[in-house]
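TrEMBL annotations:
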- A:C86: active site, nucleophile (ACT_SITE)
- A:H203: active site (ACT_SITE)
- A:E205: active site (ACT_SITE)
Amino acid sequence: MKAAVITFPGSNRDGDVARALRQAGATVVSAWHADHELPHGTDLAVLPGGFSYGDYLRCGAIASRAPIMDAVRAHAARGGLVLGICNGFQILCESGLLPGVLMRNANLHFICRRQHLKVARADTAFTGRYHVGQVIDVCIAHGEGNYFCDEETLHELESEGRVAFRYCDAAGNTSREANPNGSLNNIAGVFSEGLNVLGMMPHPENLIDELVGGIDGRGLFESLAAA
Amino acid sequence: MAGRALFDRAQAETEMIPNEPKITPELVAEHGLKPDEYERFVALIGREPTITELGIVSAMWNEHCSYKSSRLHLKTLPTKAPWVIQGPGENAGVIDIGDGLACVFKMESHNHPSYIEPYQGATTGVGGILRDVFTMGARPIAALNALRFGSPDHPKTRHLVAGVVAGIGGYGNSFGVPTVGGSVGFHSRYDGNILVNAMAVGIARADEIFYAKATGVGNPIVYLGSKTGRDGIHGATMASAEFDENSEEKRPTVQVGDPFAEKLLLEACLELMASGAVIAIQDMGAAGLTCSAVEMGAKGDLGIELDLDAVPCREEGMTAYEMMLSESQERMLMVLDPDKHDIAEAIFRKWGLDFAVIGKTTDTLRFVVKHKGEVVADLPIKELGDEAPVYDRPYIQNAFEPVLPPESVEAPMPNGEALVKLVGTPDLCSKRWVWEQYDHLILGNTVQTPGGDAAIVRVGDGPKGLAMTTDVTPRYCEADPVEGGKQAVAEAWRNITAVGGRPLAVTDNLNFGNPEKPEVMGQFVGCIRGIGEACRALDFPVVSGNVSLYNETQGRSILPTPTIGGVGLLDDVKVHATIAFRAAGEALVLIGETKGWLGQSVYLRDICGREAGAPPPVDLAAEKRNGDFVRGLIRSGRVRTVHDCSDGGLAVTLAEMAMAGGIGCTVDAVPDGLSAHAFLFGEDQARYVLAVPDEEAEAILREAAAAGVPAARIGSTGGETLTLPDEAPISLERLRTAHESWLPAYMAGQHA
């Protein structure tokens, strides 16, 4: 598994996700926003968390038009794997690779806290090491993670099984109280139609270490490394 | 103000700063220079200055940059230890943490701007301190802060809390550094002057530290980062005067932060430093280009010549005066190795930042500034810094509050009720609402998140970790500046000790009122004395710091607030202690002597409604003995659950441990000779609570006795309630509700 972690100006969890991928056994290379090609042999393109272009204009809007994104779109069209976390998810929505938008959190504050997620499907390259219905304890750190889309899209996502993770409580209840940001149907992450693109707001890459909060995030990277 | 009047005013203000007006006494006064200071300057240069020169000297000689009221006293602080690589005087302090690594850290205030414009004031405070750290070649790994706001029922407090917290988060989150710790307090004495003290901690290779000292004649001086605009002109001068009723009109002097630009500047600077192109580097902070250029030259015994035509400007038509005094953010000044020019420029272009050669070093020891072909300033560079006025301001010893006998304080309510009330007070309630707005998890190394005694951050992939904290108890400093100063240091030392860290050094952020008032100066001098005593006794030197004076509005000063930021080392970050109870059936061991000191306690203030008495005395020898004993237990792996006793005393300590672990506890009995409320809520110093496996307790008590450390078994963990002697059990749920609900409810506008 060769993963290319793309750094945009303002990316700041590029190092964190590279560390998680390396720990899981993937080969990690760097890519730069101004490049026109992904590194040769890239299996997985990763759009990391951060504040690309300072979140100016709209989160992810400027990055979605960076030269490297043409290469990412082509990679996805070929069936290549793409993972966008947090700002990466915002970029994927802005670039048309995933449907929907991420609005400001319902409480209008940036929120950083531990957060439980319910795994919605485990038969993908991203989630194979989890099982359906598993509750994992990771974290969130965002100001604009309130997932929204029109009713038709929501229906599509739900009926096609394209919701990857939902916010839930420790017992797995996907209740309103367990929804930190107001996302529709507690959606924390969604897949593309071909299940080869995943965008998610939470940060599994920061939960890979017993000493630093736990290891529930490892499953995602181990799934990818084995894909 | 009506539109027309506003326009006239704006006109008048632009006309006030053309390039060559005649220097009048009014103009001198507007620059914050006293007549004798101006005369001293004229004598120094032997002629009447230009307006640009007047601006430059006002920037260099104001309180904020020159430390003219504080310098004499700051000199008394201990700054040396074998592990100190760089003490005060550079952008930040540097300590050796072994294996070729150094920790670079500093704390700085942004009080005045944050009151006027809380969001931008706080962001630029964070931005400035991060820049101080990475200017020295260190990558920031953590940020902390210490915040003080006015009374919750003051009409501006809610707005200020919301703005400052959003600003701190807005900058740190985007920059990409975890904000791992801090403190938030409220008191009516901060109604007109809030405190925003920001601290940053970074890691560098010990042999790759960068300094501001310029070397080599004829080397290019390069301007890096964002463009220069008109924001922040006279920011440092504003921070050197009291506020009056018109202070909010100073909003244009508040700078605007751009964390995105700072993130790019960080990456570009670290890449540049690795390339070997940097001879000296200095960030443009207070007083911008002036201060950074003069410091680089003066430290290197070199002259500096600047050509302002080359300065990247955000706005057209900026005058030399404006460029020299702008405090636009995210800018750096560097002396470049001329052979590496192209490499350096390519790095900055890659990150989309400005890179311009704007001058050179000279052997003249003059600070020469040219603009549009004219020399607008030509000043002796050493004297600008070294000949700044130094004042030995008169001070009076403060009237000490008398010691309050414990028996003079009656308990107005059952102790259990008092405890529930205390954990829900503005000062002691959970600050979750605040720190959840800070990204405290980025970089994946936050071993102890906010809510513990000290934050713990792993260094890279380990095994080392750093413990860090910010502490001060302003009400103690007000009642007895010397003891208060000692206590601030002791508490920082204790918090680091309580997680198992070896305390190494501190940064001090000294916030006081108007130093021209002898009683305020007395507070300052007393606190410095106490800080010095404690730092010497605890081997905990001061390596960096900042002084913020004139925190005073309409004659009312803040509580004296010398914030101490401490850093300690964990050789193996896995071996540490946390505050949460881990298991039922463990023994509670109280380390340190309890006399039931209620003077200046939170209990006395918030339960009895009195702010009175002398603060608890700090016995530094006992502090060291007790702390070394506790640290030894943690480091040997025998004790993993520790919390120090501070505000609110023993009962609040136990409540915090119980809430954090979701396990209750029972306190067996009140020791003979103490009243229950004095035992439970007294704020005696040098104390810790340990929760240890039952079978270990006896051995620990024996070892404590052998080491001369007071220790007593006071109860045990277990259950879902906290039970105080002769009191009804309190459910953890009730404690938690009281603890967690005050701040969110207050910020939602529900009560004051």
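Note: Cβ is positioned from N, Cα and C throughout, glycine not excepted.
Positions of TrEMBL features highlighted on the structure.
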residue : record                   : CB count, 10 Å
A:C86   : active site, nucleophile : 29
A:H203  : active site              : 27
A:E205  : active site              : 30
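Annotation note: A:H203 (active site) sits in a coil segment as assigned by DSSP. Reported as a whole number, the C-alpha separation between the residue listed as 'active site, nucleophile' and A:E205 (active site) equals 11 Å.
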